[in-house]
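Swiss-Prot has this to say about the protein:
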SITE      111  site 'Important for acyl-CoA specificity'
ACT_SITE  142  active site, acyl-thioester intermediate
BINDING   163, 192, 249  substrate binding site
SITE      192  site 'Important for substrate specificity'
ACT_SITE  235  active site, proton acceptor
ACT_SITE  237  active site
């Protein structure tokens, strides 16, 4: 959270140069405060697990956040009871006239399919179009990031030679970016995907900043300069055992996967994995809520209706 200081304090400029968020007296006296409204578009098959993972991270912030869940009505969920969906989720038609401070678009196990062949693709593009003037900042995760880049910037995903699965080191490329506040020069997080987007495409087709990347994972975090578009290709939200469950699931269906890298002690799947990304995960989500959403979103969300300036794909 920001700290309030006297406008004339000499340390003010020094602190700002070190990426410390400062609120001067003028802004502090005029700031309106209300709960944040966040919508989660949950595309994962294990919806209740993903709900818990994301809510745990959002709950670490000191802000009051009202959360709603959205699902794609054009897709029938096979892994979640209909009663759960009817009770806790809303369709796009039910929320399309509302406004939100933040939207989280999760990953989905469909990345080896062309985007247009995903059964809910048309509905998803409606959500992307709607979000232009109904959401302040959108956080896209894994396949959700690839889908957003494809639709908004015409950046397609590229197949990897083998699945990227494990805990990987990444480097902070833009320490001055508020999303990286509180991060060390490097951090680790889970990745689990068969595809990637290339730096060449990002440079040629977008004006997004590369916030973090890694030698093994490639691009990790991208963001627009105003943080209204944020793309994360990893899985900060994963629990300690998520990669283990994915590994055993793949074994059961005969995929014969590699053991997730840098995950099990001694690469022994019988051992309990070490949890090494929890602090980075909490910091990233807190930074997104605070700097990309809370500090910049209008008090009256209806004002988003007239603001199209932040989307480079318009």
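Here the Cβ of each residue, glycine as well, is placed from N, Cα and C on the backbone.
Features per Swiss-Prot, on structure.
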| residue | record | DSSP (3 states) |
| --- | --- | --- |
| 111 | site 'Important for acyl-CoA specificity' | coil |
| 142 | active site, acyl-thioester intermediate | coil |
| 163 | substrate binding site | strand |
| 192 | substrate binding site | strand |
| 235 | active site, proton acceptor | coil |
| 249 | substrate binding site | helix |
Pairwise CA distance, residue 249 (substrate binding site) versus the residue listed as 'active site, acyl-thioester intermediate', rounded so that it is a whole Å: 19
Fewest other C-beta atoms within 10 angstroms, as judged across 235, 237, which are the active-site residues: 235
Distance, residue 111 (site 'Important for acyl-CoA specificity') to residue 237 (active site) (CA atoms, angstrom): 18
Same-chain residues at least 6 apart in sequence whose Cβ lies under 8 Å from the residue listed as 'active site, acyl-thioester intermediate': 106, 107, 108, 111, 192, 193, 232, 233, 234, 235
Shell of the substrate site beyond 163, 192, 249, same chain only (C-beta within 8 angstroms of their C-beta centre): 165, 243, 246, 247, 250, 257, 260
Lowest local Cβ density among 111, 163, 192, 249, which the record lists as recorded positions, within 10 Å: 249
Largest CA-to-CA spread of substrate binders 163, 192, 249, angstrom: 14
